[in-house]
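Copied over from TrEMBL, here are the features:
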DISULFID  Cys40-Cys43  disulfide bond
DISULFID  Cys105-Cys131  disulfide bond
TOPO_DOM  1-13  topological domain 'Cytoplasmic'
TOPO_DOM  31-48  topological domain 'Periplasmic'
TOPO_DOM  165-172  topological domain 'Cytoplasmic'
TRANSMEM  12-30  transmembrane segment
TRANSMEM  36-59  transmembrane segment
TRANSMEM  71-88  transmembrane segment
TRANSMEM  145-168  transmembrane segment
Amino acid sequence: MNWLAQLPTQRTPWLLFTAIVFLLEVTALFFQYQMGLAPCIMCIYQRTAVLGLLGAGIVGSTKPQSKAVRILAYVIWGVSSVWGYLIAREHIDMQTTTDPFAFSCEFEPNFPSFMPLHEWIPSFFQATGDCGNIDWQFVGLSMPAWMEIIFGIFSLTLFIIVIGRLLIKKSI
């Protein structure tokens with residue numbers, strides 16, 4: 001267990017985390033541009049949450065020995081993974097509801113006015129798909145269902161790492 005508690009203070013685990021998250025973003029772009037699956041608003045929000053995880057990995061890898069850097073990376077990681085999970089859960093509800101008036105997809109992402117990412121980088125942040133469509137499945141699960149699992153794993157991993165640090169090292 002001491003090994004687990006030491007991981008966040010080393011650069012290699014943070015770089016591995018960053019690489020895994022980067023591959024998720026590359027996969028999303030593959031689905032969009034190679035497979036022709038148009039991302040919806042909820043997909044774009046999940047993509048943004050994955051970018052938050054990427055940011056957490058980059059921050060954590062800059063100076064993992066620093067407690068302040070680790071705390072900042074943990075906060076970004078936690079907010080991104082939980083927010084991503086909640087968005088994926090809502091997206092699943094949109095896809096599985098039988099009530100046509102229960103949910104509606106926005107036409108444009110609701111980014112802050114000072115940071116309209118969908119206008120700055122439309123090839124990455126513009127939504128052209130319908131949230132209610134299930135255009136892809138693997139082992140019976142839709143894309144948001146897989147993202148719910150992935151965000152859940154990221155959330156659980158953060159919880160285990162932080163609890164491990166607190167129990168063994170008595171420090172974050």
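Here the Cβ of each residue, glycine as well, is placed from N, Cα and C on the backbone.
Taking the features listed in TrEMBL, we show where each one sits on the structure.
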{"residue": "Cys40", "record": "disulfide bond", "DSSP (3 states)": "coil"}
{"residue": "Cys105", "record": "disulfide bond", "DSSP (3 states)": "coil"}
{"residue": "Cys131", "record": "disulfide bond", "DSSP (3 states)": "coil"}
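Across the range of the topological domain 'Cytoplasmic' (1-13), the DSSP-based residue counts are 11 helix, 0 strand, 2 coil. Sequence-distant neighbours of the transmembrane segment (145-168) (same chain, 6+ residues past either end, Cβ-Cβ under 8 Å): 1-2, 4-5, 7-8, 24, 46, 49, 53, 74, 77-78, 80-82, 84-85, 88-89, 91-92, 138.
Minimal Cβ crowding within 10 Å, among the disulfide-bonded residues Cys40, Cys43, Cys105, Cys131, is found at Cys105. Through the fold, the topological domain 'Cytoplasmic' (1-13) approaches residues 60-61, 64-65, 70, 160-161, 164-165, 167-169 of its own chain, all at least 6 residues removed from its boundaries and within a Cβ separation under 8 Å. Comparing Cys131 (disulfide bond) with Cys43 (disulfide bond), their Cα atoms are 8 Å apart once rounded. Each residue of the topological domain 'Cytoplasmic' (165-172) gets a DSSP state, and the totals for helix, strand and coil are 5 helix, 0 strand, 3 coil. The two recorded residues, Cys40 (disulfide bond) and Cys105 (disulfide bond), have Cα atoms 8 Å apart. Cys105 (disulfide bond) and Cys43 (disulfide bond) have their C-alpha atoms 11 Å apart, to the nearest angstrom. Over the topological domain 'Periplasmic' (31-48), the average per-residue pLDDT in this prediction is 96.
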